[in-house]
Amino acid sequence: METENDTMVTEFIILGLTDSATLRAILFVFFLPVYIVTVVGNISIILLIRSSPQLHTPMYLFLSHLAFVDIGYSTSVTPIMLISFLREETTIPLAGCAAQLGSDVAFGTTECFLLATMAYDRYVAICSPLLYSTQMSPAICCFLLGASYLGGCMNASSFTGCFVNLNFCGPNKVNHFFCDLFPLVKLSCGHAYIAEISPSISSASVLVSTLSTIIVSYIYILHSILRMRSAEGRNKAFSTCTSHLTAVTLFYGTVLFVYVMPKSSYSADQVKVASVVYTVVIPMLNPLIYSLRNKEVKEAMKKLMARTHWFP
């Protein structure tokens, strides 16, 4: 005879950011415009790069893909968060949870690889400008993009594979605002050792490899900039790197806080806040960071507006 404890879970209840009805209403009013700005801003970056011949370079090719990934990253998480603000109880089936987990990890991991690729692109442009056209040829750019997306899919398969092999027969309330693996592992019954270790290893390898690439690239970039005799050349080199460094610092700072810091050093609410930053806020900020601090993007924007008669 089947007991209550043997009943398998078929859906999860997402607890969200808060259980206060007033605060949920305030957060909905705040985060809905954030999501709209994220989608509109990143689509605008993609269209601007596609329609501006002067931006048809590897650097802006990678930026357009970063904008696409940011749309996917935010969309994998934000809609269900907005729904949780409007409902007392937000439920999601196991299949939906697996899909959200997979898409979130895939886009997040791809963003890591793209940020590393963009750092390598800046390294080649500043440290080996005469070899730039050969070392960043269309074939190599396509390879780097393909590898970034493949890496995202492989890491996502590690997470979703562990999730689908978990058994859930007890509590089904996820203490998060989306289906993240580690809160889900806490709800599983039976042995979950592999589900804890395997994703941690794959995520650590992604973070270490991409962050190492970024750090090494910028060490060489800084060395090359300091050797430049022209102040104008140094300023131009710094300006091309500042926006990327800002995006890297914001993204990796919050991701490392969530996935690297010892779990005992922070609370579940602190994890939620950090997760909001890197999944919801940063995808909105990236178009602003790369457009407001980039002369070429601003010039392309002015030319596009002039062509469409938006301003003289």
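Each residue, glycine too, has its Cβ placed from N, Cα and C.
Swiss-Prot has this to say about the protein:
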TOPO_DOM  1-25  topological domain 'Extracellular'
CARBOHYD  Asn5  N-linked glycosylation site
TRANSMEM  26-46  transmembrane segment
TOPO_DOM  47-54  topological domain 'Cytoplasmic'
TRANSMEM  55-75  transmembrane segment
TOPO_DOM  76-99  topological domain 'Extracellular'
DISULFID  Cys97-Cys189  disulfide bond
TRANSMEM  100-120  transmembrane segment
TOPO_DOM  121-133  topological domain 'Cytoplasmic'
TRANSMEM  134-154  transmembrane segment
TOPO_DOM  155-196  topological domain 'Extracellular'
TRANSMEM  197-217  transmembrane segment
TOPO_DOM  218-237  topological domain 'Cytoplasmic'
TRANSMEM  238-258  transmembrane segment
TOPO_DOM  259-271  topological domain 'Extracellular'
TRANSMEM  272-292  transmembrane segment
TOPO_DOM  293-312  topological domain 'Cytoplasmic'
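Residues 119, 122-123, 126-127, 245 of the same chain lie 6+ residues outside the topological domain 'Cytoplasmic' (218-237) yet bring a C-beta within less than 8 angstroms of a C-beta in it. Computed over the topological domain 'Cytoplasmic' (47-54), the whole-number mean pLDDT of the model equals 88. When the stretches 26-46, 55-75, 100-120, 238-258, 272-292 are ranked by Cβ pairs under 8 Å to the transmembrane segment (197-217), first place goes to 100-120. A strand conformation is recorded for Cys189 (disulfide bond) in the three-state DSSP classification. When Cβ distances are compared across the two stretches, the transmembrane segment (134-154) makes no contact with the transmembrane segment (26-46), since fewer than 3 pairs at least 6 residues apart fall below 8 angstroms. Taken through DSSP, the topological domain 'Cytoplasmic' (47-54) splits into 7 helix, 0 strand, 1 coil.
Same-chain residues lying 6 or more positions outside the topological domain 'Cytoplasmic' (47-54) and placing a CB less than 8 Å from one of its CB atoms are 60-61, 63-64, 296-297, 299-301, 303-304.
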